[in-house]
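The structure under discussion appears below in the form of structure tokens.
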Amino acid sequence: MEEERAIVESRKSGGEYPASFHKMESPELAFTIWLLACVSGPADGYPNGKVTEACSSMMPLHGHYPQLTPKHIITASETEFRPGDHIKVTLSGPDFEGFLIQARDAENLDGPTVGSFMLVEQSICQLLTCNHVKNSAVSHTHKSKKNHLEAYWIASPNAPKHVQFLATVVEKYHIFWVKIPGPIISQPNAPPLTTIPTTPKTQPTSQPVSHLIKPFNASGCGFMKFCIRNPTNCNPEAANCFFLSFKPDGHSVIIEMSGPSEGYLAFALSYDQWMGDDDAYLCVNEDHRININTAFLRGRSSPVLDSENTLEDMSWRLADGVLQCSFRRKIHLSDNQRRYNLDVNYYIFLADGEVGEGGPIYKHQRQPLISNGMCNVTGPPKDLGGSRSPQLIKIHGALMFVAWMTTVSIGVIVARFFKPVWPHSLLFGKEIWFQVHRTLMLTTVALTSIAFILPFIYRGGWSYKAGFHPYLGCTVMALAIFQPLVAGFRPSPHGPRRQLFNWVHWSTGTTARILAVVTMFLGMDLPALKLPYPWDTYTMIGFVAWHVGIDVLLEIHGYCLIHKVELIDDDRIHILQSLTSVEAEGRMFKQIVLTIYICGNIAFLITFLAAINQL
């Protein structure tokens, strides 16, 4: 019932919320993240009963209309009361999951709560603070089935002459009754009621909804209406096209939304690329009927559905796996603080996802589409694209690919196989192979350090929804920093601890490279940088096979050189001298292999960077 849980958490592990719904979980994301976030696990409505934000309306914001004929009964143990009296209140009827009980002035049922409550069954009931009055309402503690409960109402000294009990009862997520009228109790010698009490209207304003006869089209995009399309320039008649358009019409805007979804589509207006304080709009498929709702996003929590719909001329279409809905909204809604004016610049998020049985929507499983920059949908018409990956996360992935697919790999190959190729060539007083190796490794550390901090900037802290990826990333970062620190204390070539240093340096570097590859495998499928599956996995496997293959080739080449030296002379001193000669003979081979290896690494790198750029 609580507004912040109007759209429930996913029953599926690892899913996502609708579009802004992540601010984006970009900045998320986002709808981010939209729709939000970053959460998994099941929930229906508000199973913990913390529904204080529904105190005034007593309306569960589930995106459904309440039932009209109550099936549950409220009774009171007395018909009269005096200030300080304890009156037993009972709610009973067919099994239900949630409830909210209040007492109000019988002559002003839209007014604040009166009096306070005391619990009888603390295992299924809890007290809430409504209208800044402590213990002025009773709600459920969990969503287990119940059919009877009791509580005591305590009359306050300033209680009105006549008090009526009201209850909201939730049988299941989409079946509930609002402000079921209970008995009226009065103070002794109170004058008769001046008006016949009636339960205030609680059902949201229901606008007529029609069916679209034909699918949307992109005609007019860029010169008659503002459009966002993904893929770029796609037609909403196509099965893979996500489409959102805004067409000003007098003092209102006609909005069209379309995409390949059999669950829900949602978009949100946001002042930034972070989830929170966003104006959202949802088209939800429930049993092949589309419900069109407005909502508000608070932080990275679920969208808060509005009980009052501010949309007009609503229509929808669901065919061939494509969901389309259209509606009209006024440009200015001064009496609704949660609806943003449409003549201001915003980031726009577009998300899709699945819907559970009975109406709850699941957290979207991929990053929402985010407009390229802030947009004024009532300004000059534009035809834009969008991105499903935040810019900071794109840069993070690109830098990590450059560091661990290119610089570190080439640096390791040079150190391991090219000492004999450039034995006496010096560069700034050091061997060429060493200078190349050190430069590439320090570049790796620099790129990794920059990339490491970008997700923290984007998320504003630690990401608890990214699985093992951030933990392994921190380990790789620590090992990457540890390597040059240890290298600074490198013993002389013939020092007694040189062998120990070599083993520590090799094992640390090898561990870092292995963990880096594993971390990249895990990171490629995260929502914020979801590369095409299974292409990303196969391509990364190809890169690993490419690196291992070149490594094995050079090892075999080195073994053949040593075997050739052994055939030349069995004398140990002559072997070393002959080895240098034979290495010189193989210099051309190694240089060719290194050139091919560098070109291959660059090809893999360009492939991944191109994929990131398309997100």
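Backbone N, Cα and C define each Cβ position, glycine as well.
Owing to the predicted nature of the structure, the values given are computational and were not obtained by experimental measurement.
Among the features that TrEMBL reports, domain 'Reelin' is placed at 36-201. Residues or ranges marked as domain 'DOMON' by TrEMBL: 240-353. According to TrEMBL, the feature domain 'Cytochrome b561' maps to 358-557. Summarising the annotation, TrEMBL assigns transmembrane segment to 398-418, 439-458, 470-489, 501-523, 543-562, 592-612.
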Intrachain residues whose Cβ lies under 8 Å of the transmembrane segment (398-418), provided they are six or more past its termini: 433-434, 436-437, 439-441, 443-444, 447-448, 450-451, 454, 509, 513, 516-517, 519-520, 523, 543, 547, 550-551, 554, 558, 590, 594, 597-598, 601-602, 604-605, 608-609, 612
Counts of helix, strand and coil residues, the domain 'DOMON' (240-353), according to DSSP: 0 helix, 69 strand, 45 coil
Cβ-Cβ under 8 Å with the transmembrane segment (501-523): same-chain residues at least 6 beyond its ends: 397, 400-401, 404, 408-409, 412, 466-469, 472-473, 475-476, 479-480, 482-483, 486-487, 489-491, 529, 537, 540, 544
Tertiary contacts of the transmembrane segment (592-612) (same chain, 6+ residues out, Cβ under 8 Å): 389, 394, 397-398, 401-402, 405-406, 409-410, 413-414, 418, 529, 531-532, 535-536, 539, 542-543, 546-547, 550, 553-554, 557
Same-chain residues at least 6 beyond the ends of the transmembrane segment (470-489) whose Cβ lies under 8 Å from its Cβ atoms: 438, 441-442, 444-445, 448-449, 452, 455, 462-463, 501, 504-505, 508-509, 511-512, 515-516, 518-519, 522-523
